[in-house]
Amino acid sequence: MWGISYWAVPIFSSLVWLAMLIAMLVSWVADGRPHYVSMDPNQRIAYISDVGASYLKPLFITMSAVTVVTFDISFILERWLRHTGKLAPNTSIWQKIYSGIAIVAAIAGAAGLILLSIFDTVHHGRLHNIFLAIFIIGYVISAIFICWEYQRLGIHFREHSVLRISFWIKLAFILIEVALAIAFGVMGRLRHYNTAAILEWTIAFVYFFYVLSFFIDFMPAVRTKHHQSRETEMDVARAEGGDGGMHMGDGASNGAQYFRGNGLANTGGYGNSHTATNGATNGHVNGTADSNPYKNQPAPLPSRNF
């Protein structure tokens, strides 16, 4: 079992965003597809902003803020995990710079979404559109620099397939979102508002998959965490075995005598000196030789702890 770990943060962010989109879309349909005051007279499909400016505005603000704040925490966690070596560490100062720019751009994008949800399209049309542009551009720039960082990391850590997979996912997000954003802007200027509304909803759902994809980046950190926990357990077991002479159930000793450089022998209580023997003695060992008591026989196999 993985347990709750770093990967849960982007999954939580993406699910909050998806729940908000579904709630807004279903509410609009359930209400009979009302024509909001912010919609063009010939417009039949509402923008997300149109629904968000209605009685669902508190939901729009709250869930948008929760989504981007927790998502940006994912960026910061990723930077910290690389710094501490739980993820593939950066190999140059430029990679750290790319990561820093990605974080700053993501914070700008987050601010854009929160502000556009507050300054709705009904009362603050111009500001709303500006913040919408900041939101989209901010996260696209962030994705570009993440791709750049991962591409450089992938050169040095070719064995880490996660970097390659994540790189292609984020590159696909960049290409798709840029294409959709351009089409959205063109359709809006041409006054094809229904098509533009469909494109806006599509952009929002693509963003859900982008946020969700970040859980892949944290999977190596989960394996590292479990590996370190296992090593800690083994260290404790060795320490206890060395102090108390405890043996494992499979016959392999945990004692320190099985490690190189330890001259103290474990003779099972039958020796009276510091010998280093590989077998059972007859209870009268009084030398310091490193010998094999099994004459004309091959020495027993060493412990698996060696």
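Along the chain as shown, residues are numbered 1 onward.
Any Cβ shown, glycine's included, is placed from N, Cα and C.
Here's what TrEMBL has on this protein:
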COMPBIAS  274-295  compositional bias 'Polar residues'
DOMAIN    6-220  domain 'CWH43-like N-terminal'
REGION    274-306  region 'Disordered'
TRANSMEM  7-30  transmembrane segment
TRANSMEM  59-77  transmembrane segment
TRANSMEM  97-118  transmembrane segment
TRANSMEM  130-150  transmembrane segment
TRANSMEM  162-186  transmembrane segment
TRANSMEM  198-220  transmembrane segment
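Packing against the transmembrane segment (97-118) from elsewhere in the chain are residues 49, 52, 57, 60-61, 64-65, 67-69, 71-72, 75-76, 78-79, 82, 90, 127-128, 131-139, 141-143, 145-146, 148-149, 152: each is 6 or more residues past its ends and has a CB under 8 Å from a CB in it. Scored by C-beta pairs under 8 angstroms, the transmembrane segment (162-186) has its highest count with 198-220, from the stretches 7-30, 59-77, 130-150, 198-220. Comparison of 7-30, 130-150, 198-220 by number of C-beta pairs under 8 angstroms to the transmembrane segment (59-77) places 7-30 first. When pLDDT is averaged over the domain 'CWH43-like N-terminal' (6-220), the result is 93.
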